[in-house]
Amino acid sequence: MIHMGFSGAVAFFLVRVFKVVSPVQMTFEIYATCVIPISAFFASSLWFGNTAYLHISVAFIQMLKALMPVATFLVAVLCGTDKLRWDVFVNMLLVSVGVVVSSYGEIHFNVVGTVYQVTGILAEALRLVLTQVLLQKKGLTLNPITSLYYIAPCSFMFLFVPWYFLEKPGMEVSQIQFNFWIFISNAICALALNFSIFLVIGRTGAVTIRVAGVLKDWILIALSTVVFPESTITGLNIIGYAIALCGVVMYNYLKVKDVRASQLPTDGIPERIAKIQDWKLEKKSSDLLRPDSSERVTMKSVVLLLI
């Protein structure tokens, strides 16, 4: 909730005061039918995902996050934004098997924390697909700054509800002291993450982003075992996550391949062959209108002899 409030305030100054980026043409209809549902799923993803940290380890959460492509693919197929392909389905099955093996090998397995994390993953998948469906239908293009400008305040309101009814009473009983510097530094890190995403997308390609995502997961799992001693990784954890990671890598490869294929010229092979044949005919007809080089040499010699 603090992240959303801080990010929304900074985005407001960047858009309205410093005018770093221009706001899009936002109407009440678009805000009510697009921004509010997207903000609701985004807030749900944040709340369920963050609550899971109270019950399961950081390393196991990262392993469960390998289900993100599976959830996104299934939701996209159900919403009609993606087609059911057997190669992608096999990859999703491989990821699911890997996560099941990794979960079976978890020493401190907790059902409540796992349910929270999986629910957060489903909410994030719904948010991603809903963003694609609604915003593309309305013809809107939002970068991370304008996304925070419109979505962060609304997400703040959605997150305020569970905080007030579920978290605030517990904070009053335990008398938790509010440390300003811890919360503000955490909010700055979250804002820097959004800006770094903006820079990475603008200066690199899809391959770099997806490879960096895989490396990020490995680094998080390794660091969590060092920083948090209770995050114990077993052999089954590693084997299961390795299986899931193979499926994720193959899925990323297929998505990048599809993006590159969509960027190729739209002309089919028959059309390109016809263009080549037309070019050859034009070249031949132009050659008929020009005398051969040997003929030009002969005519030049005759002119010189006459002179």
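Cβ atoms are placed via backbone N, Cα and C, with glycine included.
Residues annotated as domain 'Sugar phosphate transporter' in TrEMBL: 8-252.
The transmembrane segment annotation in TrEMBL covers 28-48 (among others).
Residues or ranges marked as transmembrane segment in TrEMBL: 54-79 (among others).
For the transmembrane segment (86-104), same-chain residues at least 6 beyond its ends with a Cβ under 8 Å from one of its own Cβ atoms are 60, 63-64, 66-67, 69-70, 73-74, 114, 236-237, 239-248, 250-251, 254. Per TrEMBL, the feature transmembrane segment maps to 86-104 (among others).
If you look up TrEMBL, you'll see 116-135 (among others) marked as transmembrane segment.
Annotation source TrEMBL lists transmembrane segment at 147-166 (among others).
If you look up TrEMBL, you'll see 178-200 (among others) marked as transmembrane segment. Below 8 angstroms of C-beta separation, residues 2-3, 6-7, 10, 143-145, 148, 208-209, 212 of the same chain, each at least six residues beyond the ends of the transmembrane segment (178-200), sit close to that stretch.
Sequence annotations record features per position, and here TrEMBL assigns transmembrane segment to 234-254 (among others).
Highest Cβ pair count under 8 Å relative to the transmembrane segment (116-135), across stretches 28-48, 54-79, 147-166, 234-254: 28-48. Over the domain 'Sugar phosphate transporter' (8-252) the predicted model carries a mean pLDDT of 86.
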